[in-house]
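Student: In case it's useful when we look at the structure, here is the feature table from Swiss-Prot:
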- 1-12: compositional bias 'Polar residues' (COMPBIAS)
- 1-21: region 'Disordered' (REGION)
- 11-63: domain 'bHLH' (DOMAIN)
Amino acid sequence: MEPSHSNTGQSRSVDRKTVEKNRRMQMKSLYSELISLLPHHSSTEPLTLPDQLDEAANYIKKLQVNVEKKRERKRNLVATTTLEKLNSVGSSSVSSSVDVSVPRKLPKIEIQETGSIFHIFLVTSLEHKFMFCEIIRVLTEELGAEITHAGYSIVDDAVFHTLHCKVEEHDYGARSQIPERLEKIVNSVH
């Protein structure tokens, strides 16, 4: 009985060694992948693993700060643009204490045509976000457009949708109907 017990102990020891070896190989692979994502280090001498990890952590923190700055800049630009639009419509009585980050009269749509590509910008309130799905349905099912890009962003109570679609060059009838049909959908809410 004693010999079988020692074989089991050796087997467990080998299993642990194999597991540890696999773990080290996996960690080495993960470290390599992490370091490959960093901008190249200008130093000629290679960094130690702890230095590489510190550099990765610092780089991630720097990216987080940049993202937060860009979000703040976006919020400011949206507020500025909205204020300019409100003022250009003749709403000069807006006081500075009013939150202008969301346009007062929603939804709004802007359509730009570049050849057979339409760029559609839709701003809705959170309660009217269904309108985006309706616009996609009308474009694809009724007008035969092909959606090439769709996305949205939520800022405060506004949803900013962007949509790019392609209509065949020879299908002028559908192309001419797009602005009219989409504005009809948007204006049905007012």
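Here the Cβ of each residue, glycine as well, is placed from N, Cα and C on the backbone.
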Student: Counting by DSSP secondary structure, give me helix, strand and coil numbers for the domain 'bHLH' (11-63).
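Tutor: Looking at the domain 'bHLH' (11-63) with DSSP, the answer is 41 helix, 0 strand, 12 coil.
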Student: Report the mean pLDDT of the predicted model across the domain 'bHLH' (11-63), rounded to a whole number.
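Tutor: So the average pLDDT across the domain 'bHLH' (11-63) works out to 86.
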